[in-house]
Amino acid sequence: MAELLRTQARKPKCYLLRPVTFLLIMLVLVFFGAGFLSPRSPVLWSRRAGAGEAGRESVGLQVVKLSRMVYPQPKVLTPSRKDVLVLTPWLAPIIWEATFNTDILNEQFRLQNATIGITVFAIKKYVVFLKLFLETAEQHFMVGHRVNYYVFTDRPADVPHVPLGEGRQMVVLEVPASARWQDVSMSRMEMISSFCEQRFLREVDFLVCADVDMKFRDHVGVEILSQLFGTLHPGYYRASREAFPYERRPQSQAHIPRDQGDFYYMGAFFGGSVSEVYRLTKACHQAIVADRANGIEAVWHDESHLNRYLLDHKPTKVLSPEYMWDEKLLGWPAIMRKLRYVAVPKNHREIRNR
Amino acid sequence: MRRHRLAIGLGVCLLVGTVLCTLWVYVEDWLPVSYVPYYLPCPEILLLFRGTVAHHTLRSTHSPLPAGQLHCIWASAGRTGYYEKQRPHHLADSRDGSNMKLQYKGEKLFQPVAQSRYPQPKLLEQRPTELLTLTPWLAPIVSEGTFNAELLQHIYQPLNLTIGLTVFAVGKYTHFVQHFLESAERFFMHGYRVCYYVFTDDPTAIPQVPLGPGRRLGIIPIQRHSRWEEISTRRMEIISQHIAKRAHQEVDYLFCVDVDMVFRNPWGPETLGDLVAAIHPGYYAVPRQQFPYERRHVSTAFVADGEGDFYYGGAVFGGRVANVYEFTRGCHMAILADKANGIMAAWQEESHLNRRFISHKPSKVLSPEYLWDDRKRQPPSLKLIRFSTLDKDTSWLRS
């Protein structure tokens, strides 16, 4: 009797286990089946051009979510500046004081954790300008953002040690120096393009190429950043295109006819996304080499080639002469509400070719 | 005996579960409320490993999905013929909560501009410019006189772009399609490849309009709802689903406009940008406190008193297809959240659009020339009206 009970008692357990397992397996199968049978959506994968470049490329083009901010309302019927042009005919902003709100722009770029690289060439005696350049850059250039200074020099021992803020670092790159100052200037294009490939593509999102014999006097921030930007030459912002000192000889690659040209851009301050700067510097370098092979040197060297390139590849932002000024030569006209990046007085004869 | 009952109970539960699953997958709109599926557990949770395996077999350029990184995207039961139940996929940017990555048409590089003769831009403007041409975040505000159309044509033509245009023609609104398409054929993106996407509940009512070369029309059937507000708010959802399903492979840029309008003057590549909004014609001269934002705190479209740049019109927005996708998805999520709280924003999707444009600023803004109301007197500051309303009797249309 007890045996019978025991077997009977055991039986329900064994009897229950199998159906329950079966049911659980059915459950799992049904869910899998639902997944298989549900109408298929197209396979959608992110497009990636190339590992490093694609990751960097997206900065600046992303639409990021901003936090709540308080600022005055922009008024549709009230232009920000009535005395100057703020938009080129190809819809690129021309950056003047009062056209932009620093807070909004800072937040947009901070949210993307943008890193800005700035290249500066301190060849031969030009190393003396580095200290003032770096100190003023620490005060005014891209404050609050990640910055990499790339100092190209043939005298790495003479590079001053300047204390840098948080998120900012300096990289000293040793490069050979050409004998002639014109060649020093033009070789910058080659060096920047080769380092773009080697380092900049992986390390920074935006690249700014600046002259070293300058100092920052006022805010120069993320308002300048875009795919490709050039700066208006302070000596020619009033001039008509026939008076621009473009290269006028048709034999040169930098040739621009008298009836063409938008602005005269200065070779001392240009930049953009790393890939665009790479294309620009590579194209300019190739044009310089072609000219050299034809026994011609453009009238303003790399600046002439830069102007030719920017005529064909319109910049997406143009910086007003506030971003490139010489107070000694040009004074301080009312139209310049701020002087941001200005020339440091130097003795040309002494400093060049030494 | 109790154990028997337990077994039977389990079996019944299993059966009910299967029935619900099948109903949900194959039958649309059987639920009285459409957002419930969002709260149900995702069957795909079980597909984690299968998805990882599937990853390898597909043509993909990036590393397999690490286990544990799984998201499911839910769509309410909208009648577009499929659901956005995505397979597990690589997440690169889930900042927004939007986690579907789409494979888009190829990226266009900067091309050299063919030389064209045009006057030199005058840097020191003395003419009184009436309109603001640059927003505080450096987005251009496009109006007649700010750009050189020929120059822009030289820049954009070689890029071989395809531009999409979505319109919704539901119920009696199908009457507008003829006039809309004819005017678009004359003025919208002339010389470019264009895809019109007409969403309608009655495909037979869409007339055959002759289209120029490189331009085609796609008619997509959608479900009609009883209330016109419902139709209006569904647009965000339908557009985002359509992009995911089709448009991301077919177009580079996409514009979403209202159908009860006509193009009156050229609408060209000056409007192309990463994310484009248009200023509402009724509020461009008005202080932000008077903008008809949603002012109730409970709504996700709430805008506080001191917030806001411009009041943008819901009738025109667009941009790169990737950005339009993120934008419409974001709006749709916000609309659903409101629905769950039983609230509908003051101006339906336009309120949500405005909320989103405050936190995700457009990269280009179109002046009211690109979205005009013909009942208003045209002010001298707006030189060329390009897209405006067709006078209509709204009460008849919405019945």
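Including glycine, each Cβ sits where the backbone N, Cα and C put it.
Nobody curates TrEMBL annotations by hand; they come from automatic prediction.
These figures come from a predicted structure and were not determined experimentally.
Straight from TrEMBL, the features:
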- B:F168, B:A169, B:V170, B:Y173, B:D258, B:V259, B:D260: UDP-N-acetyl-alpha-D-galactosamine binding site (BINDING)
- B:D258, B:D260: Mn(2+) binding site (BINDING)
- B:E350: active site, nucleophile (ACT_SITE)
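DSSP assigns B:Y173 (UDP-N-acetyl-alpha-D-galactosamine binding site) to a helical segment in the three-state reduction.
With every protein chain in view, the residue among the recorded positions B:D258, B:D260, B:E350 whose Cβ has the most Cβ partners within 10 Å turns out to be B:E350.
B:F168 (UDP-N-acetyl-alpha-D-galactosamine binding site) and B:E350 (active site, nucleophile) have their C-alpha atoms 15 Å apart, to the nearest angstrom. Around B:V259 (UDP-N-acetyl-alpha-D-galactosamine binding site), the same-chain residues six or more apart in sequence whose CB sits under 8 Å from its CB are B:V167, B:F168, B:A169, B:Y173, B:F176, B:V177, B:F180, listed in sequence order.
Per Cα geometry, B:D258 is the residue among the binding-site residues B:V170, B:D258, B:D260 nearest to B:E350 (active site, nucleophile). There are 20 other CB atoms within 10 A of the CB of B:V170 (UDP-N-acetyl-alpha-D-galactosamine binding site), with all protein chains counted.
Shown in sequence order, B:V167, B:T174, B:F176, B:V177 are the same-chain residues outside B:F168, B:A169, B:V170, B:Y173, B:D258, B:V259, B:D260 whose Cβ sits within 8 Å of the Cβ centre of the UDP-N-acetyl-alpha-D-galactosamine site. Secondary structure at B:E350 (active site, nucleophile), as computed by DSSP, is helix. When secondary structure is read from DSSP and collapsed to three states, B:F168 (UDP-N-acetyl-alpha-D-galactosamine binding site) falls in the strand class.
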